[in-house]
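**Student:** Got a structure for you, questions after.
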Ligand SMILES: O=C[C@H](O)[C@H](O)[C@H](O)COP(=O)(O)O
């Protein structure tokens, strides 16, 4: 199976975790796309749920499919959030934000009773960091922040769109990607990044995921993170 077929298989499989009357967080990305398409089919077939989204992309897709949507501020809990990931290590720590949506994604994830990630097998790694670590940053003072990151040896690069401009997030911020190669101590790095003024949110998602559905050639595999 190619990567897209694996993404589609896990996207469809993950919808089995959604039960009637749940409030569900919908992530962002090309794997989540398939999950939302399948959820739309089930809602049209009569499944009663409500959802919050983590990006305008997902909101627009879900709205077109007739999935009932709420703003995050208007729900009192989220039963389950289903999202993609860019890397997951052997300790179930993850990198997200390849699509620049990680700030809203982390906000929704932190407010969810359960988090389920859907990935193809290429995302399962021994050590995080091969995938560049995304930072959402405030445009105000971003050059000074960039220099600070360079000085720390974190190999930053602004993410640029097709027109050659700084890519803008849903919140109209910029993205800086850190090309680290490997992240030996994710918690220490997360702690340092959490304390840098100008960084709105980083893409390290630590101690957050409960279940991972991995797309493998012989079918989706469900892995529980027993913590
Ligand atoms: O900002 C984007 C998200 O964190 C995505 O969930 C992540 O990048 C995985 O995306 P994809 O399923 O397209 O590989």
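A Cβ is built for glycine as well, from the same backbone N, Cα and C atoms used for every other residue.
Reproduced below are the annotations present in TrEMBL:
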type	residues	note
ACT_SITE	105	active site, proton acceptor
BINDING	28, 29, 30, 31, 83, 84, 85, 86, 96, 97, 98, 99, 123	substrate binding site
**Student:** Sort residue 85 (substrate binding site) into helix, strand or coil using the DSSP assignment.
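**Tutor:** Note: residue 85 (substrate binding site) is coil by DSSP, not helix or strand.
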**Student:** For the residue listed as 'active site, proton acceptor', which DSSP three-state class applies?
**Tutor:** helix
**Student:** As a test of the contact definition, list every same-chain residue at least 6 positions from the residue listed as 'active site, proton acceptor' whose Cβ is closer than 8 Å to its Cβ.
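**Tutor:** Listed in sequence order: 27, 28, 54, 55, 83, 96, 97, 205.
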**Student:** Other residues with Cβ within 8 Å of the Cβ centroid of 28, 29, 30, 31, 83, 84, 85, 86, 96, 97, 98, 99, 123 at the substrate site?
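**Tutor:** For the substrate site, the extra neighbours are 27, 32, 101, 119.
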**Student:** What is the number of other Cβ atoms found within 10 Å of the Cβ of residue 28 (substrate binding site)?
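**Tutor:** I get 29 for this one.
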**Student:** Among all protein chains shown, how many Cβ atoms are found within 10 Å of the Cβ of residue 96 (substrate binding site), not counting that one?
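**Tutor:** Result for residue 96 (substrate binding site): 29 other Cβ atoms within 10 Å.
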**Student:** Quick check on the binding-site residues: of 30, 98, whose CB has the lowest count of neighbouring CB atoms inside 10 Å?
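**Tutor:** Output over binding-site residues 30, 98: least Cβ neighbours within 10 Å is 30.
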**Student:** For residue 123 (substrate binding site), just give me the three-state DSSP call.
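**Tutor:** DSSP call for residue 123 (substrate binding site): helix.
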**Student:** Fewest other C-beta atoms within 10 angstroms of its own C-beta: which of the binding-site residues 83, 85 fits that?
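**Tutor:** Ranked by other Cβ atoms within 10 Å, the binding-site residues 83, 85 bottom out at 85.
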**Student:** Is it possible to get the count of other C-beta atoms within 10 angstroms of the C-beta of residue 123 (substrate binding site)?
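**Tutor:** I get 24 for this one.
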